[in-house]
Amino acid sequence: FIRRVGWDERLVNESYPWVEKQIIHQPKLAQWQGAFKDSLLDVGVSPYNGFTYDHIHGTKVGGTLFDRFGRRHTAAELLASANPKMLTVLVYATVQKVLFDQTGRRPMAMGVIFKDENGNQHRAFLTNNRRSEVILSCGAIGTPQMLMLSGIGPKAELDKLNISMVLRNEFVGKGMADNPMNSVFVPTNRPVEQSLIQTVGITKMGVYIESSSGFGQSQDSIRCHHGILSAEIGQLSTIPPKQRTPEAIQAFIKGKRDLPHEAFKGGFILEKIARPISTGHLNLVNTNIDDNPSVTFNYFHHPHDLQRCVDGIRMAAKVIQSKHFTNFTRCDKPTVEKLLNMSVKANINLIPKHTNDTKSLEQFCKDTVITIWHYHGGCHVGKVVDPDLKVLGTNRLRIVDGSTFNESPGTNPQGTVLMMGRYMGVKILRRRLGKAAHV
């Protein structure tokens, strides 16, 4: 990945440990994860690479944001390393649009309009220092949306909402992708401890095999709407825009509430497609930054992605039937078709189900796909930004987030995105102060 995006490998290797030592921890391997690890090795996902941050073929245990006390650490804690005299953080401030000075040959970012917690709007301007700049880091969905609302994007997209054009760029919001995920439900005849993804099998066929267990959700949690992070919002991208109706969302909510208790007693073996070829696009719904844009990822549009999903499901089935896993779950060795039948109901999304879901693995993949929230694209290098992530055709505007990626790196891209900020900051500073500068 580092070579493909053209980053300085030495600087990357300096930047990653800075993130790791502050918020990443070695997990205490849950029993479920231990059985999963042994099963991966049993079916040939080898060698065993132990606990490592390196992304290499085989089976490994990766890092976690949860420390040994079960406390989750977030990117906000990286602010503890900042110089408080040189940093001002506005809490509950939501940027509405980027402001531009258009009197010169190229539009120049001059500041932003933001809204405070009371809904009052304010303007923040850059200093006269020519090195000052606006950096967008709104994510793969928020950044293309912000650019278009600020007047940078496809002409037709801006015209339909009467947005004044600052700069025409037909590539903004294009090439959107998500790593499609499908999972197989594994029942147990006893409760298992809760574990998020700790162990992963990195296969040579471009599929990651992962697992989670013991969801432990209560009825209150299942009925709760979790805002922009809710499954209702995330699963909208699994169906075409015209089918994203209020009725479809209500049907999804009902399906979630009707999940049997057994779905939270046991776990899931999931497969995730790395570097999907299928891509989609992002479109504005209105000019309100608080409203989600319409995103279409076109999961499995390319036949190679669909074939990799089928291969991944077959690998997951082998893992489940390994003696290590059946010994742990204490369940009879189930048939693949029985597991798939259970999994169709356990994977709640907005896609209508077919009667032949379990007769065809291709149909199973199409109908049970769910998002793993590894969105990327929409502001690609060479199309929207240059190799230094400056927005093409503008001055003093840069993007530092996953919208610039052609792929979502690793088994969990969060570490790379966090490192990206450190990497770009050090790179810019060294360029200004000289390569010998120590940061």
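Just so it is clear, glycine is given a Cβ too, placed from its N, Cα and C backbone atoms.
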>> Say which of CYS331, CYS365 is recorded by TrEMBL as the disulfide partner for CYS309.
In response: CYS365
>> Quiz question: given the binding-site residues GLY402, PRO413, which has the greatest number of C-beta atoms lying within 10 angstroms of its own C-beta?
In response: GLY402
>> Distance check, please: Cα of CYS309 (disulfide bond) against Cα of VAL95 (FAD binding site), rounded to an integer number of angstrom.
In response: 38
>> Distance check, please: Cα of GLY402 (FAD binding site) against Cα of CYS365 (disulfide bond), rounded to an integer number of angstrom.
In response: 26
> Given the recorded positions VAL95, CYS309, CYS365, which one is most crowded in terms of C-beta atoms within 10 angstroms?
Replying inline: CYS309
> Any idea what the Cα distance is from TRP373 (FAD binding site) over to CYS365 (disulfide bond), rounded to a whole Å?
Replying inline: 17
>> Mean pLDDT across the domain 'Glucose-methanol-choline oxidoreductase N-terminal' (139-153), rounded to an integer, is what?
In response: 96
